[in-house]
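Enquirer: After the structure tokens below, expect a handful of questions from me.
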């Protein structure tokens, strides 16, 4: 089996003040995967973020947590994609999603940004929107005016546990995603919700 190279991105904001906020659910997912692999992130100035590399189940994986703050995430994504010439078909972005309740994870093949500033910047910089996303539900505050405050605050203990369960579910289907078995991965993941 030929080795494929993938770029796995977790979206979030850098810094300890944001580490436990809902907006960092993408970071949490990537951290959980790195922990499972027993690897550590290191700073990479040319990639505008913290990265790690692993060979896992026949795949050459780059893991990246942009250090550019959410609204400039595309800078980091583009830098690593271009440097290693990773095809867009092998890009997976994990991010928080207000439209899903805590505990729900969904895969999506393409689409708009849905108001997510990290996705908005990535789409603008790539000039395309046809990349894989792992949407990690964090719930919605109920009012659009409260969204910024909501995503930049910590979830309740119950919500955090639910988000962690969704992170685990997202990791469980990663082998199928990397093998190109998206229908199987989506069916497994979406039937858990």
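Cβ atoms are placed via backbone N, Cα and C, with glycine included.
According to Swiss-Prot, the feature site 'Discriminates between blocked and unblocked aminoacyl-tRNA' maps to 13. For 18, 69, 71, 117, the entry in Swiss-Prot reads tRNA binding site, with the evidence type sequence analysis. Annotation comment: Swiss-Prot describes 23 as active site, proton acceptor. Under the heading site 'Stabilizes the basic form of H active site to accept a proton', Swiss-Prot lists 96, citing sequence analysis as support.
Walk me through where these features lie, including what they touch and how far apart they are.
Expert: Counted within 10 Å of its Cβ, the other Cβ atoms near residue 13 (site 'Discriminates between blocked and unblocked aminoacyl-tRNA') come to 22, all protein chains included.
Cβ neighbour count for residue 69 (tRNA binding site): 16 (other Cβ atoms within 10 Å of its Cβ, all protein chains included).
Long-range Cβ contacts of residue 23 (active site, proton acceptor) within its own chain (separation 6+, distance under 8 Å): 11, 12, 13, 70, 96, 151, 152. According to DSSP, residue 23 (active site, proton acceptor) is assigned to a helical segment.
Following the DSSP three-state reduction, the secondary structure of residue 96 (site 'Stabilizes the basic form of H active site to accept a proton') is strand.
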Enquirer: Which has the fewest other CB atoms in a 10 Å radius around its CB: 71, 117, the listed binding-site residues?
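Expert: It is 71 that, of the binding-site residues 71, 117, has the fewest other Cβ atoms within 10 Å.
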Enquirer: For residue 18 (tRNA binding site), what is the tally of other C-beta atoms lying within 10 angstroms of its C-beta?
Expert: 18
